[in-house]
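**Q** Feature table excerpt (Swiss-Prot):
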COMPBIAS  208-253  compositional bias 'Basic and acidic residues'
COMPBIAS  347-376  compositional bias 'Basic and acidic residues'
COMPBIAS  377-397  compositional bias 'Acidic residues'
COMPBIAS  404-415  compositional bias 'Acidic residues'
REGION    192-257  region '4 X approximate repeats'
REGION    208-276  region 'Disordered'
REGION    347-415  region 'Disordered'
REPEAT    192-203  repeat '1-1'
REPEAT    228-239  repeat '1-3'
REPEAT    261-271  repeat '2-1'
Amino acid sequence: MANPKSLSLFLLSLLAIASAEVFFEERFEDGWENRWVKSDWKKDENTAGEWNYTSGKWNGDPNDKGIQTSEDYRFYAISAEFPEFSNKDKTLVFQFSVKHEQKLDCGGGYMKLLSSSTDQKKFGGDTPYSIMFGPDICGYSTKKVHAILNYNDTNHLIKKEVPCETDQLTHVYTLVIRPDATYSILIDNVEKQTGSLYTDWDLLPPKKIKDPEAKKPEDWDEKEYIPDPEDKKPEGYDDIPKEIPDPDAKKPEDWDDEEDGEWTAPTIANPEYKGPWKPKKIKNPNYKGKWKAPMIDNPDFKDDPEIYVYPNLKYVGIELWQVKSGTLFDNVLICNDPEYAKQLAEETWGKNKDAEKAAFEEAEKKKEEEESKDDPADSDADEDDDDADDTEGEDDGESKSDAAEDSAEDVHDEL
């Protein structure tokens, strides 16, 4: 028989989920193209990438599709509209899933929440945004979750490091911002970071600052150790020579004093010599520690009880530059209920993750088998010709690849 208390909690949970306010939910089912607008950004430069509608090369459900970047060295910009709302007095939950099938070297997997002033056809890298959230990978140095909040027209990066997932499987990223100015970041329904908007972003000036008028007192002693005034230099200390004749040295048998002069033994370092005498150190009884200016209220600080509020959210978008394409987005959610978001994640990612992992492992196994079939001995006869051809194209290929990677890092550094 079910525990009455557990049953009550379960019913309360269902009631809470049923009352969740969903502002936007996109599972990329039929008709998704009517809900999403592809931007004209970068089209004139022929560097705008196209999206594929697919479940990917490996998946847990071939019918669960999303949109995937399909062209290398391209910019991507696409957005969807929802009824304008403010999160004042509400919890804001922003969640989506992303999979880097291409084993991403440098590129983003983040999404943006945009205000009502956004022009979807012009949406691009310079378009102001309210929130930018999601994974970002570039080389060995950058493998983190971005959580960038716009406050007073300035973008503020989170000060804490939140590592992102770097494999080739689907992962769910969730950002929760609450009316009490606290937040949580989850990956695959597991909380990875939590804290306060006040402390983990520099949205406001600090409440306290060092007193600029404070001066260190003249008698403030910062020396932790001092020479021992009772310590005395031993008698004869200064008479100890730095070097002494080598006691093991022997006069050569063929040494002729008349011809070679009087023989003297070479000198060696004196093990008794201790250098210039210094009194030993003792704890300073007057030590007060390192002086610090006292903290005072910052006259420039003004609290904002609505620091968490975004008053006119109306669009969600993806804006990326990718050297290597293959990133797949799915199951985008904007709501006010973290429990509903968790449920959606379990219904989609959670239901399919094991099957997806098995499909990926099978694909990797087949790939290894295909590669092992290639016998290097079969190509020995053509090796010289191939080397000549490779040499001719090597410089051009490498320079093109290097230029593209440098461009990717430049774009990444502008974030």
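Just so you know, glycine gets a Cβ as well, placed from its N, Cα and C.
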**Q** Kindly report the helix/strand/coil residue split of the repeat '1-1' (192-203) according to DSSP, in that order.
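**A** Its residues fall into 4 helix, 5 strand, 3 coil.
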**Q** For the repeat '2-1' (261-271), jot down how many residues DSSP puts in helix, in strand and in coil.
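**A** DSSP classes over the repeat '2-1' (261-271) add up to 0 helix, 3 strand, 8 coil.
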**Q** Same chain only, please: residues at least 6 beyond the ends of the repeat '2-1' (261-271) with a C-beta under 8 Å from a C-beta of the stretch. Say none if there are none.
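**A** Distant Cβ neighbours of the repeat '2-1' (261-271) are 240-247, 249, 251-252, 255.
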**Q** Just to confirm my parser: what is the rounded mean pLDDT across the repeat '1-3' (228-239)?
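**A** Overall, the repeat '1-3' (228-239) comes to a mean pLDDT of 90.
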